[in-house]
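Peer 1: If you scroll down you'll find the structure; I have some questions about it.
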Amino acid sequence: MAAPGPALCLFDVDGTLTAPRQKITKDMDCFLQKLRQKIKIGVVGGSDFEKVQEQLGDDVIKKYDYVFPENGLVAYRDGKLLCKQNIQGHLGEALIQDLINYCLSYIAKIKLPKKRGTFIEFRNGMLNVSPIGRSCSQEERIEFYELDQKENIRQKFVEDLRKEFAGKGLTFSIGGQISFDVFPDGWDKRYCLGHVEKDGYKTIYFFGDKTMPGGNDHEIFTDPRTVGYTVAAPEDTRRICEELFC
């Protein structure tokens, strides 16, 4: 059972509310709206706002009390924009260009079954780096993910970057199936907690699938301000929520 007092449920998106990069099912959407009648709900993801809308609906800011794209660097509360940070102002153009150039050079040397386009996506609060390219098809995405599980393509890439850019104040975080994020230290999903902790919640529950060390849910999952739950699929998320709140 849930702890007494005002509480908030924060959900990761991919692998938690939806299948990776897929739209939320009607059943899951309806369940969350019923859950919202009992507890405040919010979403926090690494993707930009447009991708969150693609997965959770154009009216996402009306369906959730909090919406935190890009780890909360872009923040909505009660349907209104709270703030928007940007990575270039924090890191400076020189470091960003060094990082982009190095990543492109590394990707050029990787031999994969397939490569597509959009290898680096520049977002407000991070760079998203994809060895296969974000424009790959769903079938190609799955093919890369299965290969990555065997050969640790992203993990090796990240380890190389950590050595090359040591001391530069950068965090490298693997999430989803085909990419990893690069952002300033402290700009992981914990960033969104700064927006909600002043709203008086006694308990902040967090649900995510990439909660292991190196995963992009790990920091917020282990943060003392949250009660974390690891899930493997949206069905897990629903089951745990039903046990806690229904």
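Cβ atoms here come from the backbone N, Cα and C positions, even for glycine.
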Peer 1: Can you pick which of ASP209, ASP223, ASP236 Swiss-Prot lists for the same Mg(2+) 1 site as ASP12, ASP14?
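Peer 2: Matched candidate out of ASP209, ASP223, ASP236, per Swiss-Prot for Mg(2+) 1 with ASP12, ASP14: ASP209.
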Peer 1: Given the recorded positions ASP12, ASP14, ARG21, SER179, ASP223, THR226, tell me which ones have a C-alpha lying within 10 Å of the C-alpha of ASP209 (Mg(2+) 1 binding site).
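Peer 2: Cα filter at 10 Å returns ASP12, ASP14.
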Peer 1: Which residues of the same chain, at least 6 positions away in sequence, have a Cβ lying under 8 Å from the Cβ of ASP14 (active site, proton donor/acceptor)?
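Peer 2: Those within reach of ASP14 (active site, proton donor/acceptor), by Cβ under 8 Å and sequence separation of 6 or more, are PRO20, ARG21, GLY45, SER47, GLN55, GLY175, GLY176, GLN177, ASP209.
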Peer 1: Sequence gap of 6 or more, C-beta under 8 Å: which same-chain residues meet both conditions with respect to ASP12 (active site, nucleophile)?
Peer 2: VAL43, VAL44, GLY45, LYS189, PHE206, PHE207, GLY208, ASP209, LYS210, ASP217
Peer 1: Could you tell me which of these binding-site residues, SER179, THR226, has the greatest number of Cβ atoms within 10 Å of its own Cβ?
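Peer 2: Its Cβ has the most other Cβ atoms within 10 Å: SER179.
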Peer 1: Measuring CB to CB from ARG134 (alpha-D-mannose 1-phosphate binding site), give everything in the same chain under 8 Å that is also at least six residues away in sequence.
Peer 2: ARG116, GLY117, THR118, PHE119, GLU121, ASN128, ILE178, SER179
